[in-house]
């Protein structure tokens, strides 16, 4: 044997061990963490200017409360414990400055508008109970207040119009529990198996049939998870119009298709065997079929989006900067998410874009269901914005923003992570072309957009509110509906009003309508409304006169008046309708922004209805009016409890005024018809339940502004498309092979309930 052989074998073994060790170490080594690029640089001035639209801080809200309690000369109870006969502060919100004043500050170097609050007060402890609105300022140290009620509404606000405080619901619940249910002991124990805690209630609105009424149907359900689809067949009508709670009475009782004068009469009929009892199987605490607990174990993780080099947008206070976009955001207590001073490439395209109202009109053969017309702004789309869950409600790595509100209390309430902002790769090209004719090349641009989102949970429904900003200068407003369907107890001819969802559950037919305010300022404040569409014309082929050609041609019309610009819900509307500027692009066309609506709305309530004027904005898919400071919103929080004498009737906005070369507002309505079906159990999905609008540049630019995006990809057949300097996608293995720095999961949605 060669004496050198053992040494050769030892060296070979050492080399193999070294190679294997390196392989194992490299497999175990984590990829490097993603490094953020330098933050987006924004001008200090624009960030500071946006603060004129910023929500009130908790400190400012507290100062307003302190000022009002010390300067009105009347006692103010805490609204969370107030009796109807007390005086209290119902809400405090930002008083948005007048547009002219704000524009002088933003554009003309004028003085910063005084920062003020709008306070809504209920005066129940007066000879003439009423609702009063005060503007309080200047903040942060208030020194004055002025009553703006008559100025805004043309008169005093009757007390019966007041939105219902949370404490009033509690007081009515206590009334049912202590006085109403005990008057039917046998029925409640044997049929409802009532133990004092196993029933939950949903209330119907509006509350009665005429101005001054305050009568509420309480629809009873099993108090389990997802109780909205567990009706028990019992509904109670409570008259709580008196400010003296000892005077509250039951006006009517409904059970399983029959009406009774009160619970005493129901008890008597039950004891005497004159009642048709439909006993509902007791559901477990998790709701059984209504439980949202997953029915399958966790498996492979769903795809997660992250930013390899950090966010490409900035959020400073209430100001957002994303590529060519900038805007200010806020959260109104009643109407929710709103944007101001929206600019693209430094030029303002809209002054305000905001949600106005969310309306649902229900049908049923039960009293609560058939009388329900929810106007969710009255309850508070901002007030009920819910804390967002990372990775589900928004991408895990989104920027989460806390918001604050003051309503139903003397103290501000913090809603942790109730608004999110993120850039989203939509997984499709914004534009692209593959050329295999003549020259060979590929050009494309990823469709990456910025999303601002909040989710309002108003009772059974969850509304996902999005404003989306695209790289081509388009902007989208969108709402997606989810949550639980409302239901009635299935009896009699119930299937005329919906589908059966479970043994005793009728998913009731209803409409959804959402209204937006879009104050476009295209190339300046003064705009006109122009409609473009198509028509076919017949012509002879010039090269063959005996032949006929049908060709589409462009039709044009300037809409001169508000009446011409009010398009009824189901009517035909020009397919291209746009706000036109007083300037032209390079090609001689009026610069414009087009309004494009996505809607599958059901029918609007008949105009003969006694309450229709309160929701008359829903008559129109689009109505364009002159902008007026005295017409800030299409509806009012006071319309819900008195729709028969509406505080604000949108129909009055449309009075045939000229809208040529004026400051204009577009009021956009989108909606869908919902007939609940078995797939709405356990609850409704967002797929197919999404409506809204797009604002798209129309000859506003000389070419598509997204051509200047840094995300563009282009290479030819003659180039080395694997080289990073030619094709940035070739660098992804290097630039995106990092681990995102995900923060630990937290959730504050169950605190301070």
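One-based numbering along the chain as shown.
Placement of Cβ uses the backbone N, Cα and C atoms for every residue, glycine included.
In TrEMBL, annotation is done automatically, which means it is predicted and not curated.
When the ranges 7-26, 27-46 are checked against TrEMBL, the one recorded as transmembrane segment is 7-26. In the domain 'Copper amine oxidase N3-terminal' (162-257), helix, strand and coil residues by DSSP number 30 helix, 29 strand, 37 coil. In sequence order, 357, 358, 359, 360, 456, 458, 461, 463 make up the list of same-chain residues 6 or more apart from residue 376 (active site, proton acceptor) whose Cβ falls under 8 Å from its Cβ.
A 10 Å cutoff on Cβ-Cβ distances gives residue 461 (active site, schiff-base intermediate with substrate) a total of 23 other Cβ atoms nearby, all chains included.
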